[in-house]
Amino acid sequence: MKTSVFVLVLGLVLLFAVSFATEMEESARECGKFMWKCKNSNDCCKDLVCSSRWKWCVLASPF
């Protein structure tokens with residue numbers, strides 16, 4: 001009986017930890033700073049673009 005209660009509590013704690021980590025990852029999205037990995041320019045901060053060759057946030061070219 002004690003073992004099953006312990007396993008149940010441990011399972012609930014793990015479920016809470018995983019769901020909390022997933023929520024933090026979704027809500028704590030920052031914009032990509034200079035030389036951060038990116039998939040598109042929306043991932044980068046203002047005045048930076050995602051390099052199509054290297055997939056890093058770089059300064060936008062004035063040309």
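Glycine too: its Cβ is placed from the backbone N, Cα and C atoms.
DSSP assigns C45 (disulfide bond) to coil in the three-state reduction, placing it in neither a helix nor a strand. Sequence-distant neighbours of C45 (disulfide bond) (same chain, six or more apart, CB under 8 Å from its CB) are C31, G32, K33, C57, listed in sequence order. Per Swiss-Prot, disulfide bond is recorded for C31-C45 (among others), and the stated evidence type is experimental evidence.
Annotation comment: Swiss-Prot describes C38-C50 (among others) as disulfide bond, evidence class experimental evidence. For C38 (disulfide bond), applying a Cβ distance below 8 Å and a minimum sequence separation of six or more within one chain yields G32, C44, C50, S51, K55, W56, C57.
The annotation disulfide bond is assigned in Swiss-Prot to C44-C57 (among others). For C57 (disulfide bond), the Cβ neighbour count at a 10 Å cut-off comes to 22, with all displayed protein chains included.
Tertiary proximity for the signal peptide (1-21), restricted to same-chain residues at least six positions away from its ends with a CB under 8 Å from its CB atoms, involves no residues. Taken from Swiss-Prot, the feature signal peptide covers 1-21, and the record attributes it to sequence analysis.
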Here are the disulfide-bonded residues: C31, C50. Which has the lowest count of other Cβ atoms within 10 Å?
C31
With every protein chain in view, how many other Cβ atoms are within 10 Å of the Cβ of C44 (disulfide bond)?
23
